[in-house]
There are 2 protein chains.
Amino acid sequence: MLYIIGLGLYDEKDITVRGLEAVKSCDLVFLEHYTAILQCDIAKLEEFYGKKVIIGDRDLVETEADQILEPAKTKNVALLVVGDVYGATTHSDIFVRCQKMGIEVKVIHNASIMNAVGCSGLQLYRFGQTVSVCFWSEHWKPSSYYPKIKINRDNNMHTLVLLDIKVKERSEENIIKGRDIFEPPRYMTINQCIEQLLEVEKEQHLGVYDEDTMVVGMARVACADQKIVYGKMKDLLRYDFGAPMHCLLIPAPQIDDPELDHLEYFKYKSE
Amino acid sequence: MLYIIGLGLYDEKDITVRGLEAVKSCDLVFLEHYTAILQCDIAKLEEFYGKKVIIGDRDLVETEADQILEPAKTKNVALLVVGDVYGATTHSDIFVRCQKMGIEVKVIHNASIMNAVGCSGLQLYRFGQTVSVCFWSEHWKPSSYYPKIKINRDNNMHTLVLLDIKVKERSEENIIKGRDIFEPPRYMTINQCIEQLLEVEKEQHLGVYDEDTMVVGMARVACADQKIVYGKMKDLLRYDFGAPMHCLLIPAPQIDDPELDHLEYFKYKSE
C-alpha cells in the first residue's frame, strides 16, 4: 500500500489526524522535497512521527521511483508531499505507475497553496489558470506565462503566480561535464518575479499590466509569520518579504467590493 | 481570539493536528453548516473534540454573527468550516468584521474541493474560473455559468462546476408568508447538473459542449467511498453516483497526455 499524504504548508502539526495515523502505520516514509520545501526541520517531522524520514529529491521520485514503489508491493509506504498531493504533475505520475504495478494507493489531502491564497481576500472561484515564473539563465528566458496572464486579465480572472525554486540543481557547465556538483538552493523572491514580469511587459508590450498595477505579494502562506502585502508592482518590487516561499497574485482588472474590503487590511505602506 | 479552522472533506479525522489543538483550547465551538455539509455525524466530532459543537446555519453565521464574534473578544472561539476556510465569501466577511472589532483571527487551513479535485488527474494549474450551478425554480433559471464555461473552454482551461445545496431553505410561499417552515435538505446530483447544462446549451447553442463532451463526475471526494467517473455527458446523465456531495469537471478541449493516462483509470463503463 502506498499512502500519498499532503503535509500542508507550515510545520509538522499541519498534517491531518488521518495522515498522522497513516504515517505511523508505515514501514518506510519518504518526503518529496523538490517541488516545494518544508517550512520546518525534517528532524522535527521525524520526532513527531517517531519514524525516520527519507528525503526524496527529483531523481528518487521520478527516475528512481521504484525505490518507493517496490517496497509498497508488500509493505505500508508513505510518500509525504508539501502542500496537497496533486499540486505537481509528478504525483499524478506516481498514481499511474501504482495502478500499472497493482499497488493500492490511498491519498490523504491537505491544504495547498492553490486554495490557501484565499486568505488574501481574493475569491478562489475567480482565479483563472495558474502560471509559473522560472529563473532565467543567460540562454533561456521563457515567458510563456505572459499570454496566459493576458487571457486571465482579459476575462476578468485573478492569476496565481508560482515562483521557481531550485533545489539540488546543477549548473549548465556541470551538467555538460557530467559532474554531480549541486548549486546552493535558490528561491525566487517576489521582487525578482516582478522585475521579470515588468521586463517581459516592456518587450512584448501588450498592456497586460504595468508598474502601477495593484498586486498581492504573499510570503510563507499559512505560517506563523506569513506576510501579505497589497500594493503597486513598483512598490512591491523593493519590499522585503523575508524568507521563502513566495508567490504573487495578479488580480482581475475588476476587484469586487468584498474582496477590496478584505485586501484593505494588507495595503502597502512605505517602510 | 477567533480560530477559523478548515475541517477538510471527510470525517472528524481530517482536521489537522494544529486545528485539533486549537479546538481543544476553545470555550465555544461553532460549525458553519450551510455552504457545505459534513460527511460524518456531528456527534462524532463532539466526541473526538470532547466539546459541544453549535451548528451555525446561514442566519447565525451571516446576520447574527455577533453570537460568534462577541464571545471571541474575551474567549477562545472556534468557527469550523467544511473544506478550507476561504472557500465561501462568508468567511472573508467574518475576517473583515473581526478586524473592525479588534478581534484577533487565526486561520488554520485544510484541503478544499478546489484543490482536492486534482485527484481526477486533471492538473490544477490548468483550471480556469470555478462556476456554480443552482437549482432552478419555476421563475428563476439562472445560467450565468454558461458564458464562463465558454471562456474557460475557448482558452483551453478546465472548469470545476460546484453543485447547489439547499439546507434549511424556505419555499417561496413560506418566505412571502413569513413562515419559518424549512424544506428538507436538497443536494444537486451530477445527473441533475448535466441535465441543466444540456438544456442551457440547447437554448443558447454557442457550442460550448454537447452530450458527447467528455466530463468527470466526482462524488464524495476524499471520502472512503469517493467515486470518480470520466465519460460522456450523456452517459453520466444516468449514472448513479450515490450520496452527496457531487461536483463536475468539464475538461479543456485539449487534455494533456499525462492527464489522459490518469483519467483512463476512471473511464465510464456501462453498468
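Any Cβ shown, glycine's included, is placed from N, Cα and C.
What you are looking at is a predicted structure, and each value in this text was computed from that prediction instead of being measured.
When TrEMBL records A:LEU9, A:ASP84, A:GLY87, A:SER112, A:ILE113, A:LEU163, A:HIS246 as binding S-adenosyl-L-methionine, the matching candidate from A:VAL29, A:VAL61, A:VAL221 it lists for that site is A:VAL221.
Put simply, the two farthest-apart Cα atoms among A:LEU9, A:ASP84, A:GLY87, A:SER112, A:ILE113, A:LEU163, A:VAL221, A:HIS246, the recorded binders of S-adenosyl-L-methionine, are 17 Å from each other. The secondary structure of A:ILE113 (S-adenosyl-L-methionine binding site), as reduced to three states from DSSP, is helical. Listed in sequence order, A:THR35, A:ALA36, A:VAL81, A:SER112, A:ILE113, A:MET114 are the same-chain residues at least 6 apart in sequence whose CB falls under 8 Å from the CB of A:GLY87 (S-adenosyl-L-methionine binding site). Long-range Cβ contacts of A:LEU9 (S-adenosyl-L-methionine binding site) within its own chain (separation 6+, distance under 8 Å): A:GLN39, A:VAL82, A:GLY83, A:ALA111, A:SER112, A:ILE113, A:ALA116, A:VAL221, A:ALA222, A:CYS223. Proximity to chain B (CB-CB distance below 8 Å) holds for A:ASP84, A:GLY87, A:SER112 among the binding-site residues A:ASP84, A:GLY87, A:SER112, A:ILE113, A:LEU163. Using a 10 Å radius centred on the Cβ of A:ILE113 (S-adenosyl-L-methionine binding site) and all shown protein chains, the other Cβ atoms total 23.
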